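S.K.: One structure coming up, written as structure tokens, with questions to follow.
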Amino acid sequence: MISAIEPKNLLRPHSQPVVTTSTLQPDDECNIELRIEDTTVDKYPAKQHARRVAAEIHRDRGLVYLMGQKSTLYEDSDQERTFRQRRYFFYMSGVDEPDCDLTYDINADKLTLYVPDFDLKRTIWMGPTLGREEALQRFDIDEVKYQSSLDEDVKQWAQNQGRGSTLYLLHESQKPAEKVPNVFIDSKTLKHAMDTSRAIKDEHEIGLIRRANEVSAAAHIDVLRGIRKMSNERDIEASFLNTSVSLGAHKQAYHIIAASGSNAATLHYSKNNEPLKGRQFVCLDAGAEWNCYASDVTRTFPMTSQWPSAEAKHIYKLVEHMQESCIVRVKEGVRYLDLHILAHRSLIRGFLTLGIFKGGTLEEIQNSGASNLFFPHGLGHHIGLEVHDVSPESIMAQDNGDYSDNVLISPNNLSPCTTSSPTLKSGMVVTIEPGIYFSQIALDNAKPEQLKYVDLELVKTYMPVGGVRIEDDILVTKTGYENLTTAPKGDGMLEIIRQGDGSCNI
């Protein structure tokens, strides 16, 4: 680990279990130690975030108006939809409660939260909603008021500001219910300002992502411990969910992908219902969410502590090398595009060694786009309040264009990247998730220039491998990186399977 940064105020809610994993020794048990820390909760830095957003707006006056997520019912039903807070609203409030809104007066530096008015019937049935005093204690807010005063407050603000004042909205559809006279509605500036702010995580946010990764690591370890007893993909999903919830993470950052065998060649496989018998690998892409912040962790493993075939071992070790080669190069100023290209070049070299690619040089194969048949997605993405988090510009531009001299790829390559890709900055958290997939659909629909260098007969022997992906969440620092993901992989992963708590049912 290079230049590790320990957040000063790592957030851990009151009386929640903390996960620590012991270092594996050859004959030791892998233990998860659960302890309860009774510490004071630091408030989510909503006011700091509001000021950062205002600085990106580049105006000294105006009112930011953000709507939280409302309680809604499923269509033709009296059952409420599962609540998921709007992430832009959370970023400037820290409030994970329904039916709230906020305003931020840039000139007055005043952040106001609006909470639901008291509803006796709802309180009897569902319990009390967020109140004013509770909200002031829990959140980094200047003032808390009831929803019933919101529209009138906005009108009063506009009147006090005079003609030409600006109301900043995230979307045109989210303007106040009542028309506000003499106000300019700006629904374009705010999103870019918030995307720019959200791309760089502060210490508090890093602490939340770290905590989400701690829970995910424990859940991945429990799957490895029990995999020899499991007989279906759904057992894997159930185990991961059980551990996550028991450690206080009631929500997943995304739908769990528990793909065995050829299912792992489907990048976002979601059925999770097929038997494990006869499958070489499971690709488990699963990450818990903590206080609205995501983790995104992928591990690929066999059903026993042995590599199921020589082909499976070759592909796993190659993906492992692809990932490690990219991670060690992460630091501020590095262009993420170059890491993506490096991963493709590592794949090509590996396939040339294995004989899967033949009849061409590294550059010829690279320019043909043949590696895209086996590695069809980008190297990764930002992560934060969204598992695919926002930024002011795409981490890898998705269109063709010119390439500068220092790029490891030629202009006619078919990879979907251009030099408009930005450089990494300290405080960004990105995933590094190379993969190799043996997809019959991809091969059947390949272009002739891509297949020119592929030994299709040899590929047949690799098809049972399905797919291998390894993914970690990486914090960018000025001089290097910190890997926030602690879930075991490689030999440590196999050792946990060996020490698992059941005989093999596969």
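The backbone N, Cα and C atoms fix where each Cβ goes, and this holds for glycine too.
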S.K.: Given that Swiss-Prot annotates Asp296, Glu433 as Mn(2+) 1-binding, name the residue from Glu324, Glu332, Glu471 that shares the site.
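M.R.: Mn(2+) 1 site check in Swiss-Prot: besides Asp296, Glu433, the record includes Glu471 out of Glu324, Glu332, Glu471.
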S.K.: Looking at the binding-site residues Asp296, Glu433, which sits with the largest number of other Cβ atoms within 10 Å of its Cβ?
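M.R.: Compared across Asp296, Glu433, the most Cβ atoms within 10 Å surround Asp296.
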S.K.: Looking only at C-alpha atoms, tell me how far Glu433 (Mn(2+) 1 binding site) is from Asp296 (Mn(2+) 2 binding site), rounded to the nearest Å.
M.R.: 10
S.K.: Relative to the mean position of the Cβ atoms of Asp296, Glu433, Glu471, the recorded Mn(2+) 1 site, which additional same-chain residues have Cβ within 8 Å?
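M.R.: Going along the sequence, the neighbours come out as Asp285, Gly287, Val297, Thr298, Gly380, Thr431, Ile432, Arg469, Ile470, Asp472, Asp473.
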S.K.: Quick one: which residues besides Asp285, Asp296, Glu471 have a Cβ within 8 Å of the Mn(2+) 2 site's Cβ centroid, in sequence order?
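M.R.: Along the chain, the qualifying residues are Ala286, Gly287, Val297, Thr298, Thr431, Glu433, Arg469.
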